[in-house]
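So the structure is just underneath, and the comments pick up after that.
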Amino acid sequence: MTQIGGVQPVFLAVTVHLILATVLHQTFATVTPPVTTTVPHKEPGRPDQGDYQVTSSNGTVCFLASMGLQLNVTFNSTSQNKTLQEVINIQPNVTKSSGSCDTSSALLTLTTDAEKTNLTFVFALNTTSNKYHLSEVSLSAALPDMKEAFVAQNHSLDYLRGTLGFSYMCRERQTLGVTPDFAINTFQVQVQPFGVTGKQFAAAEECQLDKDDMLIPIIVGAALAALVLIVLSAYLIGRKRSHAGYQSI
């Protein structure tokens with residue numbers, strides 16, 4: 001009887017402990033909020049290459065451009081009631097080009113989305129140095145989910161620098177910041193805003209990114225060649241010393 005009386009308190013304590021643990025577990029399980037997952041925004045793939053041109057008042061082509069374009073736009077969403085960042089591909093097959101040219105400036109406007117999106121590039125030419133660059137960009141867009149039309153512009157840019165009589169080319173992707181809430185990604189861009197002859201690009205001046213991209217394989221190749229020479233020299237020297245050692249014996 002003494003053994004039975006000693007076991008019962010222990011058994012009861014374990015039983016109470018298990019019951020309390022079960023109740024607490026169920027209570028916390030009930031008040032724990034459900035886990036929610038957010039689907040990440042999927043960016044579009046590489047944009048299609050578009051070929052655009054501007055014709056002067058006398059009917060000749062004065063501006064040539066070939067490039068893939070993406071718009072990075074930050075705007076207020078109507079459906080989600082918050083600020084979103086959208087990446088939009090310009091689709092060449094539904095995009096119209098227009099513009100104008102004179103001796104010191106050239107303008108290219110791309111109109112798409114049933115004329116709801118207008119993207120304008122302005123190039124300026126320094127007639128003293130014969131150097132040109134992208135000096136202005138403006139965008140007006142009215143996407144369905146925007147609370148209000150998006151407008152951005154910058155008149156003091158310095159991108160895509162080239163020389164009169166040459167086209168500017170950059171195969172690498174570039175991001176051209178325009179305003180804090182708007183930037184442009186360019187892909188395989190080639191432009192000639194001045195000095196166009198016929199409908200063909202003049203010889204291209206490559207951007208620094210392309211030059212660096214070509215320089216890296218050369219540097220790696222030279223380093224590997226130097227390493228091979230060092231290993232070969234070390235092998236020949238070691239072999240020569242080993243033969244010399246045998247002769248002395």
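Positions of Cβ are set from backbone N, Cα and C atoms, glycine also.
TrEMBL entries are annotated by machine, without manual review.
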Record TrEMBL, residue C207, disulfide partner from C101, C170: C170
Neighbour count (Cβ, 10 Å) for C170 (disulfide bond): 22
Other CB atoms, at most 10 A from the CB of C207 (disulfide bond): 20
